[in-house]
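As C-alpha cells, the structure follows; a few thoughts come after it.
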Amino acid sequence: MGAEKDRGGRVTRISVIGPGNRPIAIPAYDAAGQGDLMSVQAAAADPTEDRQTVPQRTVPAGARRALFAGLVLLTMAGLVALAAAALAPGGLSGLDLILLVLFGVTLPWTVIGFWNAVIGFLILRLADDPVAAVLPVAARVAPTAPIAGSTAILVCVRNEAPERIVRNLRPLLAGLAETPHADRFHAYVLSDTSDPAIAAAEEAGFAALAAEFVGRIALTYRRRTDNAGFKAGNIAEFCNAWGHLHDFAVTLDADSIMPAEAVLRMVRIVEADPKLGILQGLVIGRPATSAFARLFQYSMRLSMRSYTYGSAWWQADCGPYWGHNAVLRLKPFIAHCELSALPGTGPLGGHVLSHDQIEAVLMRRAGFEVRVLPEETLGFEENPPTLMEFVRRDLRWCQGNMQYWRFLGLPGLKPISRYQLVFAILMFFGSPAWVGLAVLIPLVAALGADGRPAIDPAIGLALFWILLPMWFAPQIATVLAMVTRPRGAEAFGGAAALVPNALLAMTFMQLLVPIMWLAHTLFLVRLALGRGIGWGAQARDDHAVPVGLALRLLWPQTFLGLAVLMLVGATAPAALAYAAVMALGPALAVPLAVLTASPAVGRFMQSAGLCRLPEERDPPLILRVVQAAAALPSAVRPSTSPAPTVLSPPAELPSCSSASAP
C-alpha cells in the first residue's frame with residue numbers, strides 16, 4: 001500500500017494493491033480536509049481511557065435470568081407432563097417414550113420464544129421508555145453528543161452486484177458527510193469477489209464513489225484473491241491492516257441500508273459506555289415486491305419486536321451479535337475475537353462460517369458487554385425473494401451453527417454464552433425431532449384402531465391448543481401491544497389492516513416452517529456424511545421459480561406431507577385437521593414455492609396492500625433515495641477495465657440533508 005501527498009504533506013490518495021498487483025488509487029482525505037487518515041489514531045490510547053462515562057444503575061441480571069429460567073423449565077415440565085398424560089390411555093410404550101423425548105427436544109425454542117414474547121409485551125405496554133428498560137445508557141446519550149473516536153464502516157461483499165452496493169452505501173456516506181463528525185468516519189469496502197467481471201466493476205464503481213466524496217469522507221476499496229476465513233477472515237485482514245487506526249467499526253453486509261443518524265446514535269452509545277464491546281442494532285426487512293419476502297418479513301417484523309425486547313431484558317450484557325448493522329469496539333475485538341480454523345476436514349472443520357455469535361461470546365468472555373438496541377429505525381436488509389433462496393441461506397446458517405459444538409467447552413465462557421451456543425444449535429437440531437413427531441404421531445394414533453385410543457383425545461386437543469398460540473406468541477404479543485395503545489397500529493394502517501395481515505403472515509409461516517424442518521433434517525444427514533454447502537452470492541432480485549425446479553428440490557417435503565395426511569385420513573380422520581398443521585405445508589411445498597415467487601402474485605399483493613410494512617406506506621428518506629437511484633440507468637457496469645469513472649450525484653435524487661444527524 002502506498003500513499004500520495006500534497007504540498008502540505010497530507011495524504012491525498014491511498015494506493016491499494018488489487019488482484020494482479022494493480023494499484024487502485026482511492027482518495028484518503030478526511031471529511032474536513034484537515035488531515036490524512038493514514039495517521040489518525042495510529043498510536044491511539046486505550047479507547048476506554050479519557051472518555052466521559054455514563055453511570056448506570058446496577059441491573060439485577062442474575063435475578064432476571066433466574067426468573068426466566070424458572071419460567072421456561074416449569075413450562076417445559078408442564079408440557080411434557082401433559083404430553084405423557086395424553087399418551088397414557090394404553091400405558092406408555094417404548095414408542096411413547098421416544099415421542100416424549102422428541103417432544104422435549106422441540107420445546108426449548110417454543111417455550112423460550114413464548115416467554116420472550118410475554119416479557120417483551122409487558123415492556124412495550126408498561127415501560128415509559130421500552131428502549132431504556134433494556135439498554136439504560138441509550139436514554140442518557142444526548143443526540144448531539146460529540147463523537148471523539150474514529151469509526152470504520154466495513155462493507156463486506158462477495159460476488160454481489162456492485163451497483164446495488166453503491167446505491168445502498170451512497171446515502172449513508174452523504175448523510176455522514178453533511179455532519180460535523182464526518183472526519184471521524186472512514187468507509188472500507190472489503191471484497192472477497194472471485195468473478196473477474198464483477199471485480200472490475202467493483203474497482204471502477206467504488207473508485208468513482210470515493211471520488212464523489214473526496215474531501216468530505218474517505219472510502220477505501222480492497223479485494224482479496226483468497227477468501228480464507230470467509231467473512232470473518234475478511235474482517236480479520238482489515239483489523240490487521242487498518243484496525244489500529246480506528247476505535248470502532250460499523251459492520252454492514254452487501255444488502256445493508258443504514259441511515260447516517262442510526263450510525264451516529266449507535267457510535268455515541270458505544271463511546272459513552274467503555275464497557276460496551278458490541279452494540280447490535282435491530283435490523284428490519286426492506287419493503288419487497290416478492291410475495292415470499294412480503295409474507296416472511298411481515299411475520300418477522302411482528303415477531304422480532306416483542307421477542308427482542310424480551311430476550312434483551314434477561315440476557316442483558318450477554319446479548320447476540322448478528323454480524324451486521326452493529327458497532328464493534330475494535331481494540332478488544334482485535335485482541336480477543338480472532339477465530340482460528342477448526343481442526344479436521346469436511347464441512348464442520350476449517351474456518352468458522354457463522355462467526356458472529358462466537359465473536360459475541362468471546363467479547364463477553366473478555367469482560368466487555370454485548371447488548372442490543374431494539375429500535376426499528378437503525379437499518380434495513382433484504383430478505384430472500386423465493387423459498388429456494390431462503391432454504392439455501394438457512395442451510396448455510398445450519399452448517400455454521402453446527403460448528404458451535406466445538407466451542408461449547410471453551411474455558412471462561414459465561415453461562416449465558418454457553419446457553420446461546422446451545423440454543424443456536426437447537427434452532428436446527430430441533431427440526432429432526434419435529435419430523436420424527438410428524439411421522440410417529442400418526443403411527444401411534446393408528447395403533448388405536450382396535451377401539452381403544454392410543455392418544456387421549458381431550459388431553460391431546462388441550463395440548464394442541466396450548467402449543468399453537470405459543471408458536472406464534474411473538475407475533476401475537478406485538479399485535480396486542482400495538483392495538484391496545486392509542487394509535488399504536490397506525491403505522492401498519494390501523495388495526496383493521498394489521499390484524500388480517502398478521503393472520504395471513506402467520507398462516508404462511510405455519511406452512512413454511514414444516515417445510516424447513518425436513519430441509520434441515522436432510523441437510524443434517526448430509527453434514528453427517530461429510531457434505532456441506534458452498535458460500536456463494538445470494539440471488540437478491542425477484543425471479544420466478546419453474547415448477548420443474550421446485551419439484552426436483554422439494555419432492556421429499558411433498559412426499560412426506562402427502563404420506564402423513566393420507567395415513568391420518570385412513571386411520572384417524574377426525575385428527576386430519578390437526579395433522580394438517582404439520583403436514584399441509586410440506587404437501588403444498590411445490591405450489592407454495594412457485595406461487596410466492598411469481599412476479600404476478602407479488603404485484604397483486606403490492607397493489608392490494610397485503611403485508612404492507614410501515615416503510616412501504618411512508619418510506620423514510622434513505623429508502624426513497626435508494627429507490628430513486630435504482631430507477632435510474634445503471635451507473636456501474638461490468639468491465640474488464642479498472643479505470644474509475646467519476647459519478648456526479650444525480651440531480652433528480654432526493655437530498656440526504658434532512659436524513660443527517662447533528
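Glycine is no exception: its Cβ is also placed from the backbone N, Cα and C atoms.
Because TrEMBL annotations are produced automatically, they should be read as predictions rather than curated entries.
Annotated features in TrEMBL:
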type     : residues : note
TRANSMEM : 66-91    : transmembrane segment
TRANSMEM : 97-124   : transmembrane segment
DOMAIN   : 250-468  : domain 'Glycosyltransferase 2-like'
TRANSMEM : 421-447  : transmembrane segment
TRANSMEM : 459-484  : transmembrane segment
TRANSMEM : 491-509  : transmembrane segment
TRANSMEM : 515-537  : transmembrane segment
TRANSMEM : 549-570  : transmembrane segment
TRANSMEM : 576-597  : transmembrane segment
REGION   : 636-662  : region 'Disordered'
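Highest Cβ contact count with the transmembrane segment (549-570) among the listed stretches 66-91, 97-124, 421-447, 491-509, 515-537 falls to 421-447 (criterion: pairs under 8 Å).
Remark: the transmembrane segment (97-124) contacts the transmembrane segment (459-484), by the rule of 3 or more CB pairs under 8 A. Long-range neighbours of the transmembrane segment (576-597) within the same chain, counting only residues 6 or more positions beyond its ends whose Cβ lies under 8 Å from a Cβ of the stretch, are 290-292, 295, 385-388, 434, 437-438, 441-442, 461, 464, 468, 508, 510-515, 518, 542-547, 550-551, 554-555, 557-558, 560-562, 564-565, 568-569. Residues of the same chain lying 6 or more positions beyond the ends of the transmembrane segment (459-484) and with a Cβ under 8 Å from any Cβ of it are 79, 82-83, 85-86, 110-111, 113-114, 116-118, 120-121, 124-125, 299, 302-307, 492, 495, 498-499, 502, 505-506, 509-510, 578, 581.
Here the transmembrane segment (491-509) has long-range neighbours at 295-296, 298-299, 302, 472, 475, 479, 482-483, 596, 609-614, 617-618, meaning same-chain residues at least 6 beyond its ends whose C-beta is under 8 angstroms from one of its own.
Over the domain 'Glycosyltransferase 2-like' (250-468), the average per-residue pLDDT in this prediction is 93.
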